[in-house]
Amino acid sequence: MDVESSSPSSHALIKKEKGGWRAIKYIIANESFEKLASMSLIGNLSVYLMTKYNLGGVFLVNVINIWFGSCNILTLAGAFVSDAYLGRFWTLLLGSIASFIGMGIFALTAALPSLRPDACIDPSNCSNQPAKWQLGVLFSGLGLLAIGAGGVRPCNIAFGADQFDTSTKKGKAHLETFFNWWYFSFTVALVIALTGVVYIQTNISWVIGFVIPTACLALSITTFVIGQHTYICAKAEGSVFADIVKVVTAACKKRKVKPGSDITFYIGPSNDGSPTTLVRDKHRLRFFDKASIVTNPNELNEDGNAKYKWRLCSVQQVKNLKCVTAILPVWVTGIACFILTDQQNIYGILQAMQMDKTFGPHNFQVPAGWMNLVSMITLAIWISLYECVIIPIVKQITGRKKRLTLKHRIEIVMGIICMIVAGFQEKKRRASALKNGSFVSPVSIVMLLPQFALAGLTEAFSAVALMEFLTVRMPEHMRAVAGAIFFLSSSIASYICTLLINVIDAVTRKEGKSWLGDKDLNKNRLENYFFIIAGIQVANLLYFRLFASRYATENKKGH
């Protein structure tokens with residue numbers, strides 16, 4: 001495995017010998033096996049914690065949301081380690097190993113009854129709670145899985161993007177296709193996880209159901225290592241996050257400096273140590289330009305490099321900061337999208353657990369975790385139709401290969417419709433259960449199909465568009481940062497959900513009846529919470545239309 005410097009000549013030479021689609025197949029395989037394993041847990045985690053650990057109510061939702069958030073916020077640490085020390089290859093490999101150990105712990109919790117509390121006969125009235133040490137074992141497995149996700153998520157798509165030369169039109173076209181097929185391939189893995197593995201967990205054995213994803217992670221690691229001879233591996237050249245803090249600090253220290261015509265800016269050395277020149281961005285956030293102003297010749301050493309890196313930063317470091325700030329207005333819109341998908345991953349599954357799950361003439365029992373499959377199938381069908389049918393037809397008609405713009409994809413109102421539908425479906429489910437006097441509503445689980453399908457379309461339009469926007473607008477050396485920022489939006493969404501749920505629970509509990517506090521959804525008012533989420537989606541659409549859309553349509557690159 002060769003390590004590539006980022007100078008243009010060596011970059012072009014190595015790209016001729018390595019990278020491209022022959023490297024991508026190993027990277028996508030690694031991602032697919034990893035996603036198959038992780039979604040085998042994520043898709044059924046609510047069911048496992050509720051049925052095997054007797055968790056429920058706000059505590060159950062808090063555990064899942066905080067874990068979701070931790071998985072995603074640790075992508076910042078993963079991106080930092082990748083950029084500053086290990087590089088993307090080793091960060092991906094070590095992250096996969098951490099996930100493997102974490103999943104192994106989950107397999108042990110399923111195999112050893114002593115690691116779990118005693119089972120409950122009546123799920124609506126259960127007092128058998130897990131001991132603190134049992135929760136400690138459970139949380140250690142979740143923690144290792146979060147660490148693994150922090151290493152894999154920011155680097156996988158960035159490592160894949162490294163395999164293409166985006167300075168050419170052909171390379172850019174390959175990269176755009178890679179985005180969609182990357183999403184499609186792991187969606188196929190999710191379909192397998194949410195059908196076969198979730199079915200085994202629910203109806204056959206939790207032990208086998210966790211051994212399978214553990215084995216998948218072993219395959220993910222093996223496949224990734226086998227392909228190492230085909231990879232273009234960019235050298236770790238320092239953390240962009242650390243540079244951003246340095247720029248802010250240096251600019252604040254020089255806040256009284258007034259730019260003039262006789263000002264000298266510190267360009268900094270090139271990647272091979274030789275002098276270089278860069279064009280300074282003069283139009284945005286000019287305050288931070290002060291960080292690269294040489295106010296005293298003593299700030300430079302004999303080689304012309306900065307002596308004090310917290311007082312003098314290069315023009316490139318300032319540009320990196322401006323790249324990040326330029327994408328923030330559009331990035332914020334992704335948070336609302338992930339708030340929506342979090343509801344389906346948690347409350348959607350809890351709804352399914354309290355509905356009639358029989359299907360067909362033979363009364364087949366549909367696992368509640370299968371409902372996430374609807375979202376993934378919808379997403380996969382849309383991407384396949386879009387890439388293989390819609391675009392070729394449009395090209396035949398117009399003679400040009402037209403695609404939906406980023407602005408149009410984000411403006412799709414699927415999220416608003418999804419939560420309104422979910423709210424009315426929950427009202428119907430709850431009313432039927434109360435009328436019937438039962439924990440499980442006689443309403444069929446099939447009634448949840450529309451809201452899960454709409455959630456899949458929301459992700460297909462908004463999440464894929466956001467991922468593409470962040471990756472394309474960042475320079476090559478900041479692609480791991482783009483991946484981390486993408487998952488940071490999901491992390492913030494999970495923490496917002498946690499805060500929102502606890503605030504709603506506290507406020508409504510004071511009024512005498514909590515909307516979300518009971519383990520039995522029939523005693524809650526979940527539909528009101530869904531309508532609040534719909535309101536957040538409306539506010540997000542207005543924010544994008546009135547403010548952020550201008551940043552989505554800018555043609556200027558971040559490099």
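Glycine is treated like the rest: Cβ placed from N, Cα and C.
Swiss-Prot annotations:
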type     : residues : note
TRANSMEM : 57-77    : transmembrane segment
TRANSMEM : 92-112   : transmembrane segment
TRANSMEM : 132-152  : transmembrane segment
TRANSMEM : 178-198  : transmembrane segment
TRANSMEM : 206-226  : transmembrane segment
TRANSMEM : 321-341  : transmembrane segment
TRANSMEM : 374-394  : transmembrane segment
TRANSMEM : 404-424  : transmembrane segment
TRANSMEM : 437-457  : transmembrane segment
TRANSMEM : 481-501  : transmembrane segment
TRANSMEM : 529-549  : transmembrane segment
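Between the transmembrane segment (206-226) and the transmembrane segment (92-112), three or more CB pairs separated by 6 or more residues in sequence fall under 8 Å, so the two stretches touch. With a cut-off of 8 Å between Cβ atoms, the residues of this chain six or more beyond the transmembrane segment (178-198) that come close are 24, 28, 31-33, 35-37, 39-40, 43-44, 157, 160-161, 164, 209, 212-213, 367, 369-370, 372-373, 376-377, 379-380, 383-384, 386-387, 464, 467-468, 471. Long-range contacts of the transmembrane segment (321-341) within the same chain: residues 240, 243-244, 247-248, 281, 284-285, 288, 375, 406, 410, 415, 418-419, 455, 458-459, 462-463, 466, 469-470, 473-475, 478, 481, 485-486, 489-490, 492-494, 496-497, 533, 536-537, 539-540, 543-544, 547-548, 551-552, 554, 556, 558-559, each at least 6 residues beyond the stretch ends and with a Cβ under 8 Å from a Cβ of the stretch. The stretches the transmembrane segment (57-77) and the transmembrane segment (529-549) are not in mutual contact, being linked by fewer than three Cβ pairs under 8 Å (pairs 6 or more apart in sequence).
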